[in-house]
């Protein structure tokens, strides 16, 4: 059985107090901290990069789950490895030609390689990255268009999660976008075990309760399957 993991999206945190916000999430029961890295090209928004990861790493031993929404992910492997990133999830749309080299480099820097896909990308595009010798260890199914927080969950993306879970029973399958108490059931019953949640956690009166609810939902779904 794959582990239930809840990863609050630090994109929804108070950036001026990143270290204390990270600690607050861990105190509330977060397993990972999800870091959205955007370059303003692959997606229109621009967020944090390696210097911020490096600064945060000085204040926490937490697993820093980095999601790279960038045009050239290869350029980020070295700096993020040095900065102390734990996971490096790149987009299949940005790495169709060089994913093998990319996965190899990520692993050589001691990071866990993952691949993400946009809502419009068919799930079949990630199969080569899972079936080869040099495979990724996580698939992130975007349940909104990447680039901005606070969007509405797209339930039709759960077909991708179901297909993946059936084909790869022991894979870490992550979902990101619009996840919260009202949508977690759809994601967990489809087979997602890693849940990224931003505004639903940071905007909640009791973030610990929301994190706990989401973890329980994943664990209960696993018992049923």
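Please read every residue number as a count from 1 along the shown chain.
Positions of Cβ are set from backbone N, Cα and C atoms, glycine also.
TrEMBL annotations: computationally assigned, not manually curated.
Listed in TrEMBL for this protein:
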- 9, 67, 147, 148, 149, 150, 178, 198, 199: substrate binding site (BINDING)
- 34, 36, 67, 176: divalent metal cation binding site (BINDING)
- 36: active site, proton acceptor (ACT_SITE)
- 176: active site, proton donor (ACT_SITE)
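Mapped onto this structure are the features recorded in TrEMBL.
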{"residue": "9", "record": "substrate binding site", "Cβ contacts under 8 Å, 6 or more apart": "34, 36, 149, 176, 196, 197, 198, 201"}
{"residue": "67", "record": "divalent metal cation binding site", "Cβ contacts under 8 Å, 6 or more apart": "34, 35, 36, 37, 89, 116, 140, 176, 196"}
{"residue": "147", "record": "substrate binding site", "Cβ contacts under 8 Å, 6 or more apart": "38, 43, 44, 45, 69"}
{"residue": "178", "record": "substrate binding site", "Cβ contacts under 8 Å, 6 or more apart": "143, 144, 151, 152, 153, 154"}
{"residue": "199", "record": "substrate binding site", "Cβ contacts under 8 Å, 6 or more apart": "12, 149, 150, 180"}
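Take the mean position of the Cβ atoms of 34, 36, 67, 176, the recorded divalent metal cation site; other residues of that chain with a Cβ within 8 Å of it are 7, 9, 11, 35, 65, 66, 89, 140, 196. Of all Cα pairs drawn from 9, 67, 147, 148, 149, 150, 178, 198, 199, which the record names as binding substrate, the longest spans 17 Å.
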